[in-house]
Amino acid sequence: MENQKILVAKYAIDHYIKSNMNLGIGTGTTIYYAIKYLSEKIKSGSLKNLKFYTTSSDTKYLLSKEQIPYESNFSKLNKNLDIAIDGADEILLEKKSLIKGMGGAHLMEKVIAYNSETLLIIADETKIVKKLGTKMPIPIEVAQNAVGFIMTRLEEMNLEATLRICKEKKGPTITDNNNYILDVKMHVENPEGTEKYFKLFPGILEIGIFNHKNTRIVYYQDKQIKEA
């Protein structure tokens, strides 16, 4: 799958990213390859005057490692970004709906994505599903003091929710925004309706279902790169 990620990252950048753009940069393993290729194009001079807006501390680290400067102060923005480039955990091609958030950064990923003219998704073939929730749970970022209330609400809806535990240390995963993450097992019949419904719960900061109005998907399938 690593080769597929490299191929789609290079294709997407070659076909969509132009000099003088304001870019949102997502989080995840596929984005790692996008950053590496962006670095090559910047150093060669084929891409110039790009401004980068990041979605996580991990992405900031990767950009710094490639000596790519990024913007830390979002308050300077007074218009939408040109493109947000990101990966996905699951993709429903027919509706261009996504699950994101297994990397724990979906709140800022959605802030960047929904304030960009285009959301450009790059993915290998394992991310394509016929129904959201087939392989992955739905990540929900929750205020720490609200986690008990939210878990009770989800149980009343007969949904199985698990508090995400950090692999590197004892205790729950804490996001860059100092919140917890609940992973909810459910098959999503109506992605747009589900996204809107869960955002009504006090204490839920963001749900990892994405329905951007202008999503472009570059993915690998059947031994070739495809677009949707």
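Cβ coordinates are placed from backbone N, Cα and C, and glycine is handled just like the others.
The active site, proton acceptor feature in Swiss-Prot is assigned to E109; the stated evidence is sequence analysis. There are 30 other CB atoms within 10 A of the CB of E109 (active site, proton acceptor), with all protein chains counted.
Feature annotation from Swiss-Prot assigns substrate binding site to T27, G28, T29, T30, D86, G87, A88, D89, K100, G101, M102, G103, K127; the stated evidence is sequence analysis. According to DSSP, M102 (substrate binding site) sits in a coil region rather than a helix or strand. Annotation for M102 (substrate binding site): same-chain Cβ neighbours under 8 Å, separated by at least 6 residues, are G28, D89, M136, P139, G208.
Taking every pair among T27, G28, T29, T30, D86, G87, A88, D89, K100, G101, M102, G103, K127, the residues listed as contacting substrate, the largest Cα to Cα separation comes to 15 Å. Spacing of T29 (substrate binding site) relative to E109 (active site, proton acceptor) is 14 Å (Cα to Cα, whole number). In the three-state DSSP assignment, the secondary structure recorded for D86 (substrate binding site) is strand. Ranking the binding-site residues K100, K127 by other CB atoms within 10 A of the CB puts K127 at the bottom.
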